[in-house]
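Inspection log for the structure reproduced underneath, given as structure tokens.
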Amino acid sequence: MAPSSLPQTPPSAVVIVLFLLFSTALLCESRLSLDYYSKTCPSFTKIMQDTITNKQITSPTTAAGALRLFFHDCLPNGCDGSILISSTAFNKAERDADINLSLPGDPFDLIVRAKTALELACPNTVSCSDILAVATRDLVTMLGGPYYNVYLGRKDSRVSSASSLEGKLPKPTMSMSQLINLFSSSGFTVQEMVALSGAHTIGFSHCKEFSSNISNDTHYNPRFAQALKQACSGYPNNPTLSVFNDIMTPNKFDNLYYQNLPKGLGLLESDHGLYGDPRTKPFVELYARDQNKFFQDFAKAMQKLSVYGIKTGRRGEIRHRIQLPMKETIFQEINLILKLF
């Protein structure tokens, strides 16, 4: 048979094969797993555990701070480490948005320490967003809270903008309907919202977030209200003044936060709203009497939140440093585009 008579592969078939190969590669690259770093960074778990333990021992408020940092990273635009990016003269990043200015420094320091150690052991391998997700889970567990699986393989966002947070994070002055709608817009049910609110069992709130309500809100226990007034009396001159969210066991992850609410010992207006609203009150009462149920639902909600809006594959990057300035991110994105051509 002459060469010219050999059967030819249709061009469309070649395109389809290439597309399938490319799609398969993307799928493999974007798949999350519990052992994502088992081969590429075998020391990942040990480095994380050592760094987290040392930081929490030296700075006991790190756990609550990390939980809040994780929440502020994930709920607005997904768990992509965008809250860790620094602002520049040309861009105001998420971490400098007004609602994030009160985020404590300890969890940022923890993530930087972990990232530095991991870069030395496994360069350009572990994402900042994975570090934050694992650190949050481990710190909750260290304080007595539930363990839950954290699937790994997230990529870090290349952009971070303070303006993108508008209306996407809860504020203590929001009504219960506003809070329910905010969580619902991100795919979370009322029960999941109440379970996640149990994070207030640890940590503290600044006086400026609730002091104006103490005299006007009749939900406060009178003696508690008086104590809060005294504790926050100097906050106009010292904006760092704060009070524990759970005055009974502030450094233990348990269900006393829910038990405090019927007694008028909630700190924020939104805390009182959880017990006062018929849509949320049944879940508050459930978790107040059954800590195991609270732990179970909190773990499920946190696992769901930890994969919300994540970036995988080529939609993100492995950031070399935690607080990468936006101008470097833009240059990297330009280089990525150029490589495609």
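Backbone N, Cα and C define each Cβ position, glycine as well.
Note: TrEMBL annotation is automatic and uncurated.
The feature Ca(2+) 1 binding site is assigned by TrEMBL to Asp73, Gly78, Asp80, Ser82, Glu94.
Counting Cβ atoms from all protein chains shown, Pro170 (substrate binding site) has 19 others lying within 10 Å of its own Cβ. Positions annotated as substrate binding site by TrEMBL: Pro170.
Non-local contacts of Cys122 (disulfide bond) by the CB criterion (under 8 A, 6+ apart in sequence, same chain) comprise Tyr37, Thr40, Cys41, Ser43, Phe44. According to TrEMBL, the disulfide bond annotation covers Cys41-Cys122 (among others).
The number of other CB atoms found within 10 A of the CB of Cys79 (disulfide bond), across every protein chain shown, is 26. Feature annotation from TrEMBL assigns disulfide bond to Cys74-Cys79 (among others).
Annotation source TrEMBL lists disulfide bond at Cys207-Cys232 (among others). Shown in sequence order, Ala231, Cys232, Tyr235, Pro239, Leu241, Ser242, Val243 are the residues of the chain, 6+ apart in sequence, with a C-beta less than 8 angstroms from the C-beta of Cys207 (disulfide bond).
The domain 'Plant heme peroxidase family profile' annotation in TrEMBL covers 31-319.
The signal peptide annotation in TrEMBL covers 1-28.
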- line: CA pair Cys79 (disulfide bond) / Asp73 (Ca(2+) 1 binding site), Å rounded to integer, equals 6
Disulfide-bonded residues compared (Cys41, Cys74, Cys232) - the one with the fewest other Cβ atoms within 10 Å: Cys41
Query: In this structure, which of the binding-site residues Asp73, Asp80, Glu94 has the fewest other Cβ atoms within 10 Å of its Cβ?
result: Glu94
Statement: Apart from the site residues Asp73, Gly78, Asp80, Ser82, Glu94, the 8 Å Cβ neighbourhood of the Ca(2+) 1 centroid comprises Cys74, Pro76, Asn77, Cys79, Gly81, Ile83, Ser129, Ser157, Ser160, Gly309
Query: Which residue, of the binding-site residues Gly78, Ser82, has its CB surrounded by the fewest other CB atoms within 10 A?
result: Gly78
Query: Using Cα coordinates, what distance in whole Å links Glu94 (Ca(2+) 1 binding site) and Pro170 (substrate binding site)?
result: 15
Field: Per-residue pLDDT averaged over the domain 'Plant heme peroxidase family profile' (31-319), given as an integer
entry: 95
